[in-house]
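Below is one structure, written out as C-alpha cells; the observations come after it.
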C-alpha cells in the first residue's frame with residue numbers, strides 16, 4: 001500500500017552518493033521551503049582573529065608580573081623560568097584563605113606545566129646521595145617481611161651506634177640462590193629461591209649497582225659549622241693564592257691536646273677516639289635528631305592521623321561517610337592548606353598480602369623522608385650568619401666533653417642538645433608532618449627511581465628495596481635510612497594499616513589502632529552510635545522573639561557539626577604512642593568511658609531518642625501515605641486490614657461497592673475528616689498516596 005508524499009519541495013540526492021545496485025532513488029523532503037544556506041558560512045563571528053590570542057595575552061601578563069619586582073630583566077630562559085616559578089608557587093603575598101581553611105584556586109597555575117616538577121619548592125628534595133647498594137639490602141632478603149613483622153606489645157625501634165655494632169656484614173648470608181638465576185656480575189640484586197613474585201620479576205628485568213638515596217643530612221650550614229669547630233678547619237675558597245687560609249685542612253684538636261685530655265699518647269687510642277667523634281658528627285647526631293623529631297608522643301599521634309588521611313583509613317573514612325565530604329582531598333605543605341581533588345587515597349586496596357605491606361611500608365618511609373627534608377629545608381633557609389656564630393661558640397664549649405666521651409650515643413646526644421635545641425624541636429612538632437595523599441608519594445617515588453636510572457613504568461621497584469633492614473648489615477652512612485625504614489614499619493603496624501580488618505555493618509570502617517578504638521569507632525562506642533542516629537532529626541529552638549520573630553538560639557545536630565567534634569575527639573589516657581597495644585586485645589575496660597561527640601549528657605540523648613521513636617510511631621500509625629525505609633526502600637506501613645477503615649470492597653474488579661461493617665460505627669460524635677496534604681507533597685520518609 002503506497003503512501004502519499006508529504007507536501008513540500010523535493011531535493012534530489014547528489015550524484016556522487018554511492019548506493020547498492022537496484023536500490024530505489026533516495027529523496028529528501030523539506031517541510032518548509034526556505035532559501036538555501038550559504039555554501040561557505042562565515043565563521044568570523046564564532047572564532048575571531050583575536051580570540052586565540054587571549055591565551056598568549058594572559059600568559060604574557062603572568063610572565064610580566066613575575067619579573068616586575070626584579071632589578072634586572074632576566075636574559076636567559078633559566079632565569080625567566082625561575083622567576084616564573086617563584087611568582088606562581090612562592091608569591092610575595094600569601095594566597096587568600098577561604099572560609100573552609102583552604103587557599104583559593106590560583107588561575108595562574110593553569111599555565112604551569114601540569115606534570116612538571118617545580119624546582120622552586122624542591123629546595124631540599126632534589127638532593128641525593130649516590131651510593132653503592134649493599135648486597136644485604138631488603139630485596140636480597142627473601143624473608144624480610146617476616147623479619148619485620150610486629151606483634152602485640154612491640155615497641156618503637158631504636159637506632160644503633162658503633163657502641164653496639166662494631167662489625168658490619170654485607171652479604172647474602174644464608175639466602176639460597178635460585179636454580180635458574182641469571183649470572184649478572186653488574187647487578188647487586190640476586191635471584192633467590194624464595195623471592196616473592198614482585199621481586200622475582202624485578203630482579204629478572206633490572207640490573208643496578210648504585211642508587212640515589214634521598215639526602216637526609218643536617219642543613220649544610222650546620223654541618224659546615226660543626227665540622228669547622230670539631231673536626232677539620234675548612235679552607236675558604238679564594239681565587240688569589242696569597243689569600244688562602246694557612247690553617248685550612250688542619251685538625252681542630254691536635255694530637256698533643258687530645259693526648260693531654262685522654263691521658264695517653266697511644267696513636268691507636270687517639271685515632272679510635274677521632275673516629276668516634278667523626279662518626280657522631282656525621283651519623284649519630286642525625287639519628288638522634290630523627291629520633292627526637294619522630295618519636296615524641298604528640299608527633300607519633302600526628303603521624304598516625306596523617307596516615308589515616310593518606311590511606312583513607314579508620315575514623316577518617318567514617319567521617320567522610322557521615323559528613324558526605326571527601327576530607328582526604330585536603331593536603332598541606334609548609335603551613336598552607338590546599339584542596340586537591342586529583343589525589344588518590346585508596347590505591348592500596350588494589351593489592352593484598354606481602355605486596356600490600358611492602359607498598360604501605362614504602363609509602364610511610366617516603367612520608368618520613370619528605371617530612372624530614374621539609375624540616376631541614378626550612379631550617380637551612382632560616383639560618384643567618386649571626387646564628388652560625390652563636391652555634392660555633394656553643395660547639396666550642398662542648399669540644400672537650402665530646403673528645404673525652406667514650407660512648408658514641410652520648411656524644412650524639414650532647415651534640416644534638418646544641419644543634420637541635422628544644423625550641424626548634426617544638427616548632428617542628430607544631431607544623432609537621434604535612435597531610436599528603438598517595439599520589440604525591442607516588443610522584444616522589446618515581447622522582448627517586450628516575451634519579452637512580454630506574455624506569456618506574458617498566459619495573460616494580462620500591463626505594464625501600466635497596467635499604468638493609470638491619471644496622472649490622474649496612475655501612476654507617478646507610479643507618480639513617482635503615483632507622484626510617486624500621487620506623488615506617490612500626491607506624492604501619494601501630495596504625496593497623498597492614499591488614500584489612502573492615503567488615504559489614506558497624507565494622508565497615510573498623511580499625512584496631514588507639515586513634516580509632518575504643519572512642520572513635522561505632523562498634524566499640526555505643527553512645528556515639530546512638531548519637532549518629534540523631535543527626536539531622538531534630539531542631540530545638542527557644543522562645544520566639546518580638547513580633548513573631550524566630551528564635552536566635554537553638555540546638556540542631558548537623559553532620560558537619562558532628563564531624564568537626566568527631567575529628568577533635570581524643571583521649572590521651574587510652575593512647576599508647578610507643579607500644580602496639582590494641583584495645584580489642586585487652587581484658588581491662590578503657591581508662592575513660594566512651595562518650596558521644598556533641599551531646600555528652602546521656603539523659604538528653606535518651607530523651608531525643610524517645611522523641612524520635614515517638615515521632616516515627618505517630619507517623620506510621622496516624623500519618624497518611626506510604627512511608628519507605630530510608631535505607632532499604634521497603635514500605636514501613638504496608639497496606640493491610642485496617643481497623644480504622646470503614647470500606648470493604650466487593651465486586652468483579654471493575655465496579656466495587658463499599659460495604660459498611662461494624663467497625664464503621666461512629667463513636668464519640670461525628671468522625672473527623674482526614675488530614676489534607678499541602679500541595680500533595682510527599683513526606684521526607686516516603687511518598688504520598
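Cβ coordinates come from backbone N, Cα and C, glycine included.
Record features, source Swiss-Prot:
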type: COMPBIAS; residues: 645-655; note: compositional bias 'Basic and acidic residues'
type: COMPBIAS; residues: 656-675; note: compositional bias 'Basic residues'
type: COMPBIAS; residues: 678-689; note: compositional bias 'Basic and acidic residues'
type: DOMAIN; residues: 292-410; note: domain 'RRM'
type: MOD_RES; residues: 309; note: phosphotyrosine
type: MOD_RES; residues: 627; note: phosphotyrosine
type: REGION; residues: 1-24; note: region 'Disordered'
type: REGION; residues: 226-289; note: region 'Binding to host EIF4G'
type: REGION; residues: 625-689; note: region 'Disordered'
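Of all Cβ atoms in the protein chains displayed, 21 besides its own lie within 10 Å of the Cβ of residue 309 (phosphotyrosine).
Within the model, the region 'Binding to host EIF4G' (226-289) shows a mean pLDDT value of 82, rounded to a whole number. In the domain 'RRM' (292-410), helix, strand and coil residues by DSSP number 85 helix, 8 strand, 26 coil.
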